[in-house]
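J.: Here it is, the structure in full.
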Amino acid sequence: MVATTRSSFKNPPPLTAIGSTASRWFYVLVGVAFLQTSLTLSPIPVPEDEWVEFARMLRDPAFRLPTTTRPRHYQVTLTPYFDVVPANVNPFTFDGEVTIYTSPTVANVNEVVIHCNDLTIQSLSIGYQSGTNVVDITATGQTFACEMPYSFLRIRTTEALVLNREYIIKSTFRGNLQTNMRGFYRSWYVDNTGRRWMGTTQFQPGHARQAFPCYDEPGFKATFDITMNREASFSPTISNMPIRTTNTLANGRVSETFWTTPVTSTYLLAFIVSHYTVVSTNNNALRPFDIYARNNVGRTGDWSLEIGEKLLEAMEAYTQIPYYTMAENINMKQAAIPDFSAGAMENWGLLTYREALILYDPLNSNHFYKQRVANIVAHEIAHMWFGNLVTCAWWDNLWLNEGFARFYQYYLTASVAPELGYETRFIVEQVQMAMFSDSVDTAHALTDLNVNDPTTVSAHFSTITYARGAAILRMTQHLLGVETFVKGLRNYLRERQFNVAEPHHLFTALDAAAVEDGALNGYGGITIDTYFRTWSEKAGHPLLTVTINQRTGEMIVTQERWERNTGVSQFPSLWHIPITWTRAGAPEFEDLKPSQFISQQVTSINRGTTGLEWVIFNKQESGFYRVNYDDTNWALLTRALRSSSRTAIHQLNRAQIVDDLFQLARANVMKYNRAFNILSFLQFEDEYAPWLAAISGFNFLIRRLAHDSTNAALLQKLILELSPAVVAKLGYLEPENGSYMTDLQRMYVMEFLCNVGHEECNNFGTQAFRRWSTGTFIPANMRPWVYCAGLRHGTAEDFNFFWNRYLQEDLSSEKVVMLNVAGCTTDQASLNRFLDAIVSGNDDIRPQDYNAALTSAITSNEINTLRAFQWLRNNVDQATRTLGSVSTILNTIIGRLLNEEQINEVSNWLTANQNTLGATYSTALRAIETTRSNLVWSQQRISEFTNYFESGYVEDVIEEITEAPPTAPPTAPPTEAPAVTPAPDSANVAALSFITLIITLAVNLA
């Protein structure tokens, strides 16, 4: 049954779940910047406090290695011990030996400095080969230890190192198998024989030093020979390269030495000591590709193998550098790791993943995981070229690795699996989310030459680096054209292979290709170097404000740095913006080659027609900028979007309009009643991208009105009355052999609509849950919203059944789905049981899933907030022991408080427990101030909501154009461009002076 649309909102439905994190699953799945725990790639950002702790090493010169020596080759031997150990050896430790061949780069070097961390150095020497002997030049009287907090290991010499002579560093040491999913760490899993221990690695960005002494920075590339001495009962060790030799030692252990790696950085090394088996293989001796996992995962590795082979072949064709020639005997392996904080890692020849991100069950994994496995495999495979073959010289240019990998995880995968909709999903999942993160004054640039303090360095491992980098690369590809872009990248890779790179290397290669092909002819002499630097070395992005004289066709375009809370940044900036636009009289959305550059603050463009006609800038959101229009153009667009010719406007531009409107209104550049009037076209909209953008925008408003039950219910009613078309298209029941994108859209939209109280959605979901509990199969794509509806409208008995099924579940992706909805229960005892399980430490929930589980427990229903707070008061000690800190729980709770009474209750508890909470106390106080600011924002803006709730859609009155009077041309001098490159040379473009631009904005805190 399709809901009836009304134009008034005086009688809202009962407030149901509007206070929940509406479409929480959607946020988790598309990678919103502030919920990065399971979506951002290579590596998934680790907790902020860890990056802050580690950041000093990243940029502070005192934490950087001297470049006075440089390694060529390593020989590394490790002997790991698990729970059963020989005499005088502690469990979960390892013994190691390393030999490093290194040479000085300057004269008069008397000290070599390398890295080590949490290693006990048993012996250490440095010398050089003289005939058949090694001359030891290690200075006496030294104590060798890892020097903290720098992680330095210093080796003084008795004489200055001689240029052009190679020296040999030798060390024996003992280390610890870590427990925090960093370095060489231990994990466990259950296979068909029971519980098993394993050792595995995660070395990015600087954790190889916890496995062996080394030059642990990306710029110190070398080759590696790795040997692992494992217990005989374990499976053959897996590492970057295949095993070269296997020997049985006198103590019964098996010694395995691997083929020499390519020239690589330490962070790309990996090894796995386990009982793993090959669960899927291509059986191709010339192009070996294998999937490793525990032996009871069935055929769930088949999809990652199938798509992985296609992606590897596609990337080889794209780059014209064959993967299997990167090193002699190299192969391709992918491994599923049960505990893996990074999500996925591009270790050369041994890609490692969380189980949920590589193991796919066609029957029981939903469509999100099908595309997720494909695009994360694409991301890591792209890194074999962008990151491994050519590596960013330092982490402040991480976008050279991650921007390309994020770009190709969508567009490379789209080339081999177009049915999965990557080109559509890139807009809402990457471009729009990157703009959100990039739209605050504290945002960082892709390349920031002034990064020096821990906070700013930490920020470089962010959505901006990954998603914004990818979006700028997409814009650049459209500017140059695909053939020229690819030509430039091939040159870049060939010139920098097995080396490090900085942005200027990339720009030079792209510029050379552009000159050869004439790709930038007609743009006034601009170069890629000049253009790209305004995007890579500046933070933020512009808002284009377009004002059209409908009588003359003149379009005045103003650029300003956008800020999401106030509309205009306090740091003015200009960009070289490649623009595209189209108009109603000749709508054309497929040619994404920019027509011109905008480099001035104010520019005039001749539309070429007169009379009433809408224009749309940024075709298919191919540029990285927002757009606002004058009232008449918005009115014309509203009419078009509400008409039967709505689809003449490209789906991606409809999504762009939705996203821009929500952001313009948030910043008070546009009033919400005006934005809702335009967004009323959603009543007729049923496509994926516009609705995904709408869900994101409405989620923000749902939280901002959560404290006001009356208006929250009216907002709920508005959303429901905009949903008939999309519900009619999707239905509730998944058909057999349905369209992939339609089934994916149904999963997202139905969870959102159920959460905001759609009666039919909730009824269907609750009934389906009942059928599931009696043995009926529920399609995987329906489970997120069916599970939640069943728990939200169910009983403690329903939760008990659900939780028991969770405990029995073996498929990792399904366990994550169940954790994400377990908090939907409205039974308090069941919620407490869920919270207890998170902090119990009994392995029901793995540490990598703690944050997702906590988010579910606190945010799935409005009533959960204070229930979770009460639980925390009673369990703060246990929560702190398990989680290390209760900061995440407290900040999530505080962010959902609805009034001063609740704020005071939490504040009083914080004060009483200040000593126990430690540093968490200060962060919680800051969170309280943010919550108060959010409440003030709502009070200031609520009249705009109520105006629209009362009036509903109102047709704009547009004055008809009968005659175009003559206008005088502008005479003011041009404003200063962002760089020395002249503005585009076009008869239709004229730079205008910026005479007066006064924008009055209400200040709204985030």
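A Cβ is built for glycine as well, from the same backbone N, Cα and C atoms used for every other residue.
Checked TrEMBL, it gives:
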DOMAIN    71-268  domain 'Aminopeptidase N-like N-terminal'
DOMAIN    303-514  domain 'Peptidase M1 membrane alanine aminopeptidase'
BINDING   H379, H383, E402  Zn(2+) binding site
ACT_SITE  E380  active site, proton acceptor
SITE      Y466  site 'Transition state stabilizer'
DOMAIN    614-932  domain 'ERAP1-like C-terminal'
J.: Within 10 angstroms of the C-beta of E380 (active site, proton acceptor), what count of other C-beta atoms is obtained when all protein chains are considered?
T.: 27
J.: Find the average pLDDT over the domain 'ERAP1-like C-terminal' (614-932) in the predicted model and report it.
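T.: A mean pLDDT of 97 is what the predicted model shows over the domain 'ERAP1-like C-terminal' (614-932).
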J.: Please report how many Å separate the Cα atom of E380 (active site, proton acceptor) from that of E402 (Zn(2+) binding site), as a whole number.
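T.: Cα of E380 (active site, proton acceptor) to Cα of E402 (Zn(2+) binding site) measures 10 Å after rounding.
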J.: With every protein chain in view, how many other Cβ atoms are within 10 Å of the Cβ of E402 (Zn(2+) binding site)?
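T.: So the Cβ neighbour count for E402 (Zn(2+) binding site) comes to 30.
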J.: Using C-alpha atoms only, work out the spacing between H383 (Zn(2+) binding site) and Y466 (site 'Transition state stabilizer') and round it to an integer in Å.
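T.: Counting only the Cα atoms, the answer is 13 Å.
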J.: Distance check, please: Cα of Y466 (site 'Transition state stabilizer') against Cα of E402 (Zn(2+) binding site), rounded to an integer number of angstrom.
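T.: Rounded to the nearest whole number, the Cα-Cα distance is 5 Å.
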